[in-house]
Amino acid sequence: MTWKLFVAAGCGLAAFSCAVFAESGDAALQCTLIRDNALRLACFDKIYAARFPPQTPPVVEKQPPKAVDLVKSVDKSIAKKEPEIVFGQDSGGKGFAQALSDAADAYTPLSLMYDLDQNDVRGILSVREHHPMYLLPAWYNSSPNRRPVSPTRGATSDTRSEDQKRAETKMQVSFKTKLLEDVFRTRSDVWFGYTQTAHWQLWNQGEESAPFRNNDYSPEIFITQPVKAGLPGGGRLRMLGLGFMHQSNGQSRPMSRSWNRLYGMAGMEWGKLTVIPRLWVRAFDPGGDNDDNPDITDYMGYGDVKLQYRFNDKQTVAATMRYNPKTGKGGVQADYTFPIKGKLKAYVQGYHGYGENLLDYNHKHNSIGFGVMLNDWDGF
């Protein structure tokens, strides 16, 4: 037997006791006599291995690795505004390319401005950016309007206008808030907006002591409806809207200027180019001699078009154009911004034509200004 050979090798030929135990039937005791540790262990293994049936190792079921659902991961990350991994493979038939397209839509200027793809976490009645907020300490007017005039108010003699200098400061504050969201069981939202633009004769330190020459106040209420429709040239129609705006300069007659408008607008995008056309009609304005500026549409037209193009390095060029083909009058504003730090941007604004402000609605001039923009919504 094999175990006897182990015993013989372990005891040696001179050990009489090993021979005695080798002939006995107690194999385990014979293994204990082996002095070499490795041989003694092998002896025990040989004896006891035969007494137990062979065991097969347990079968471990391998779980297949979980697949990441890229479509749902993109959608959920957009909704939560933070990275989120979703496992699974059921994407409801929606392709990954479409998910990436939706993600791009959710972060375009129009979508962020008007919550076109998802409601902002700030909800309703929170202060949001509207039109640009800026300060132009250096604003140069090539042809100051020293005698403002309108058909119903005549020419105005006012020291603030007569003594104004070509150089002044222009500034604007603007905000909006969402009043209602997802109205009519759709994604439509109702907004209130307010914009105030001021012309300050900061560099005129005469008798008037740097007066504010003109302030335009523009409250408005409007509704937006998200839309997704294709346009020629690879463009997309993203939004439709309706609104009502009141605009006045808050002055008493004969310097008072004001009008009300009902307007319709659309939001369109061609890649990095954003286009917002508007059409308007005068509404709820007093007629006859009570109208401060009955001919204002001759100069301001019946609508405008705003364009914005954002470069990769966050530089932005923009333009706003108005034109009345019947009278051949209108105006164009050009804007250029580039980043300084955070939301602060250097800002250059130029204007040519009529209607740069309400008091000068029928006065043509060229202006240019340099300063800073304080928010991210350049060009709107």
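Cβ coordinates are placed from backbone N, Cα and C, and glycine is handled just like the others.
Automatic prediction, not curation, is the source of TrEMBL annotations.
These features come from TrEMBL:
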type: COMPBIAS; residues: 159-169; note: compositional bias 'Basic and acidic residues'
type: BINDING; residues: S209, S256, D292; note: Ca(2+) binding site
type: ACT_SITE; residues: H246; note: active site, proton acceptor
type: ACT_SITE; residues: S248; note: active site, nucleophile
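When secondary structure is read from DSSP and collapsed to three states, D292 (Ca(2+) binding site) falls in the coil class. Residues of the compositional bias 'Basic and acidic residues' (159-169) grouped by DSSP class, helix first, strand second and coil last, total 4 helix, 3 strand, 4 coil. Note: the CA-CA distance between S256 (Ca(2+) binding site) and the residue listed as 'active site, proton acceptor' rounds to 14 Å. The two recorded residues H246 (active site, proton acceptor) and D292 (Ca(2+) binding site) have their Cα atoms spaced 14 Å from each other.
Counting in whole angstrom, S209 (Ca(2+) binding site) lies 24 from S248 (active site, nucleophile) by their C-alpha atoms. In this structure, of the recorded positions H246, D292, the smallest number of CB atoms within 10 A of the CB marks H246.
Within 10 Å of the C-beta of S248 (active site, nucleophile) we count 17 further C-beta atoms, all protein chains included.
In this view, S209 (Ca(2+) binding site) is surrounded by 8 other Cβ atoms within 10 Å of its Cβ, with every protein chain counted. The two recorded residues S248 (active site, nucleophile) and D292 (Ca(2+) binding site) have their Cα atoms spaced 10 Å from each other.
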